[in-house]
Amino acid sequence: MQNIPKNMFEPAAANAGDAEKISKKSLSLWKDAMLRFRSNKLAMVGLIIIVLIILMAIFAPMFSRYDYSTTNLLNADKPPSKDHWFGTDDLGRDIFVRTWVGARISIFIGVAAAVLDLLIGVIWGSISGFRGGRTDEIMMRIADILWAVPSLLMVILLMVVLPKGLFTIIIAMTITGWINMARIVRGQVLQLKNQEYVLASQTLGAKTSRLLFKHIVPNAMGSILVTMTLTVPTAIFTEAFLSYLGLGVPAPLASWGTMASDGLPALTYYPWRLFFPAGFICITMFGFNVVGDGLRDALDPKLRK
């Protein structure tokens with residue numbers, strides 16, 4: 001082995017400024033959250049599932065020669081085949097087309113209910129948390145009273161009183177659905193309203209609306225987004241349960257809930273009538289739940305590196 005003389009080496013001079021240098025480029029909260037979300041394989045699987053279901057709901061009925069409401073008693077209760085991929089129901093309607101038309105309605109109900117919960121909950125929770133004092137007490141006691149009533153019971157009562165329809169279901173779900181969002185937003189506002197940048201803006205004369213929707217709510221958007229994502233599968237499941245009770249969307253409209261309700265009595269002899277709508281309810285709920293969990297982990301400041 002060849003010996004290398006020591007005089008060929010020169011010790012590296014320590015630079016005091018090197019300790020102050022940032023070795024890694026700093027990332028914003030959202031960029032860092034996006035990177036960690038993309039590294040979460042289960043969350044990405046859930047996102048792909050949701051995107052595929054939405055695309056199929058939009059385009060699949062367009063390329064089928066069957067209509068979701070056309071009946072043909074000669075083809076009633078046919079098993080899955082090359083002509084009817086998911087089989088037919090008791091009226092001879094193609095279950096494949098009805099499944100994807102039902103996906104439009106079920107997902108629309110879930111997203112619409114989540115958006116209304118977001119709007120009402122953010123406004124209610126923001127005002128309650130920011131005002132504090134007697135205003136906070138009154139607003140949260142009202143929310144507690146509504147929360148004390150079983151939400152499903154209130155939804156069923158409203159569905160009985162109001163005329164059956166798509167928007168009636170959404171309104172009934174929103175009556176108590178916003179309370180959880182309001183509580184979360186209120187907690188975030190109570191933490192953020194005493195931060196230095198909020199106090200500085202308040203000192204400079206910023207209005208309450210600007211303080212809330214310019215400084216406070218955007219910084220609470222992580223928790224809001226996660227809660228909204230987890231609200232969608234709950235609304236889809238609630239619609240399915242209401243359909244089982246006969247309070248779903250009226251015929252000839254199809255949702256996963258109404259299809260599952262119609263297919264349940266025929267489970268023994270025609271299982272495909274229940275299997276496909278119930279299966280997609282489970283898959284969609286799984287997708288939204290794992291995406292919500294992934295967002296929660298990605299936006300958790302304790303996990304930031």
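In case you wondered, yes, glycine gets a Cβ from its N, Cα and C as well.
Annotation source Swiss-Prot lists transmembrane segment at 43-63 (among others).
If you look up Swiss-Prot, you'll see 103-292 marked as domain 'ABC transmembrane type-1', on the strength of sequence analysis.
Positions annotated as transmembrane segment by Swiss-Prot: 105-125 (among others). With a cut-off of 8 Å between Cβ atoms, the residues of this chain six or more beyond the transmembrane segment (105-125) that come close are 53-54, 57, 139, 143, 166, 169-170, 173-174, 177-186, 188-189, 217, 224, 228-229, 231-236, 239-240, 249, 253-257, 281, 284, 288.
Residues or ranges marked as transmembrane segment by Swiss-Prot: 166-185 (among others).
Nonlocal intrachain contacts for the transmembrane segment (212-232), taken as residues 6+ away from its ends with a CB within less than 8 angstroms of a stretch CB, comprise 29, 33, 107, 110-111, 113-115, 117-118, 122, 126-127, 130, 177, 180-181, 184-185, 188-189, 192-193, 197-198, 201, 206, 288-289, 291-292, 295-296, 299. Taken from Swiss-Prot, the feature transmembrane segment applies to 212-232 (among others).
Tertiary proximity for the transmembrane segment (236-256) is limited to same-chain residues at least six positions away from its ends with a CB under 8 Å from its CB atoms, namely 68-69, 98-99, 101-103, 105-107, 109-110, 152, 155-156, 159-160, 164-166, 169, 173, 264, 277-278, 280-281, 284-285, 288. The transmembrane segment feature in Swiss-Prot is assigned to 236-256 (among others).
When Cβ-Cβ distances below 8 Å are used as the criterion, the transmembrane segment (274-294) is approached by residues 37, 40, 42-47, 49-50, 53, 86-87, 95, 99, 102-103, 106-107, 110, 226, 229-230, 232-233, 236-237, 240, 256-257, 259-260, 263-264, 266-267 of the same chain, each at least six residues removed from its ends. The annotation transmembrane segment is assigned in Swiss-Prot to 274-294 (among others) on the grounds of sequence analysis.
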